[in-house]
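According to Swiss-Prot, the protein carries these features:
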BINDING   Asp120, Asp126, Asp181, Asp183  Ca(2+) 1 binding site
BINDING   Asp282, Asp288, Asp342, Asp344  Ca(2+) 2 binding site
BINDING   Asp282, Asp342, Asp344, Asp350  Ca(2+) 3 binding site
DOMAIN    89-211  domain 'C2 1'
DOMAIN    251-384  domain 'C2 2'
REGION    1-89  region 'Interaction with UNC13D and DYNLT1'
REGION    215-400  region 'Interaction with UNC13D'
Amino acid sequence: MRGRRGDRMTINIQEHMAINVCPGPIRPIRQISDYFPRGPGPEGGGGGGGEAPAHLVPLALAPPAALLGATTPEDGAEVDSYDSDDATALGTLEFDLLYDRASCTLHCSILRAKGLKPMDFNGLADPYVKLHLLPGACKANKLKTKTQRNTLNPVWNEDLTYSGITDDDITHKVLRIAVCDEDKLSHNEFIGEIRVPLRRLKPSQKKHFNICLERQVPLASPSSMSAALRGISCYLKELEQAEQGQGLLEERGRILLSLSYSSRRRGLLVGILRCAHLAAMDVNGYSDPYVKTYLRPDVDKKSKHKTCVKKKTLNPEFNEEFFYEIELSTLATKTLEVTVWDYDIGKSNDFIGGVSLGPGARGEARKHWSDCLQQPDAALERWHTLTSELPPAAGALSSA
């Protein structure tokens, strides 16, 4: 800044900040709380009740629910404890969960959603709900509702059921519930999801949820990826220690078996009832499963039994029964091998999974076998996990 020609003038920072300031009354500085609507405060409470003036709530900072006109929970509805808000930009989902320990089933009642995010050009969506048990990646592990057309407040009232659910699943698994928008011309779009640890459920007690949908949260950085990998590594080590040095086996589905030793017929009755969540072995995303059983040691190689083939399914029902003539004292030294196969025409059949029951088995498989020996003439049904471990003698018989 210059005064007379050739003279240079200097100004301090206070004078610089005062230049070009419009005259007028001094306005109060806005507080952060002024940008959010406030309900009436408690009677006699300080801080001032009522809502902030409308001109102090910029549209960009308004709560997303205010833009979508989301509603509040219905009076008397039982809301889960970690439901903090009933209105988000993604919407809310209402559902019930019930774990039936007696039948080893998890019942999922998908009720309704409210205030979903618009996904189509008409400002609406074609929503459906997809369920997935984690960890687990097979197609049979996924269940879905029907699609509701052109709505942001869909009502489903559908019951989806997982079979073969054990107490171990309830302890370790998580139910992922995703709401998606169906698009016939392109890929379906993800709207939001909810993840419920099954350990929050109590047997035979229905639990009601009304929860805000959340976005998928990716790992933010390589450092978080490293932390996640370290956590997975520790988890796997704990599992390995729990298995007392045994290798970790891939889960390939579940099978429901019935065992009964008949005192009258002097033999073992093996019931192959059904399978659930089998691994898909064919390119169409399904399998053509059948079940084989062996009672080993099998010196005469006459103990093989085989069910019929069920086409294009990951949840087959067999309801077939096989009989092994054997004394109870001899049965105590035997091992029952049960394997599930995918039938292929003109080539070797694919091994899906298997389980062994006998004195050398572990966990539920051993308990089922010992209960059968200790309770003659009682039909005992149990679910068993199929693993990727192929019995040594079964590999040579895969085409049988």
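Even glycines carry a Cβ here, placed using N, Cα and C.
Source: prediction; values computed, not measured.
Locations of recorded Swiss-Prot features on the structure.
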{"residue": "Asp120", "record": "Ca(2+) 1 binding site", "DSSP class": "coil"}
{"residue": "Asp126", "record": "Ca(2+) 1 binding site", "DSSP class": "coil"}
{"residue": "Asp181", "record": "Ca(2+) 1 binding site", "DSSP class": "strand"}
{"residue": "Asp282", "record": "Ca(2+) 2 binding site", "DSSP class": "coil"}
{"residue": "Asp288", "record": "Ca(2+) 2 binding site", "DSSP class": "coil"}
{"residue": "Asp342", "record": "Ca(2+) 2 binding site", "DSSP class": "strand"}
{"residue": "Asp350", "record": "Ca(2+) 3 binding site", "DSSP class": "strand"}
Neighbourhood of Asp288 (Ca(2+) 2 binding site), C-beta criterion under 8 angstroms, separation at least six: Asp282, Val309, Lys310, Lys311, Lys312, Thr313, Asp342, Tyr343, Asp344
Under 8 Å between C-beta atoms and at least six apart in sequence, can you list the same-chain neighbours of Asp126 (Ca(2+) 1 binding site), or say none if there are none? Met119, Asp120, Thr147, Gln148, Arg149, Asn150, Asp181, Glu182, Asp183
Grouping DSSP H, G, I as helix and E, B as strand, the residues of the domain 'C2 1' (89-211) number 12 helix, 61 strand, 50 coil
Quick check on the domain 'C2 2' (251-384): DSSP residue counts for helix, strand, coil, in that order please. 16 helix, 62 strand, 56 coil
Given the Ca(2+) 1 site Asp120, Asp126, Asp181, Asp183, its other Cβ neighbours within 8 Å of the Cβ centroid, in chain order, are Met119, Ala125, Pro127, Glu182, Asn188, Glu189
Please work out the mean pLDDT for the residues of the region 'Interaction with UNC13D and DYNLT1' (1-89). 47
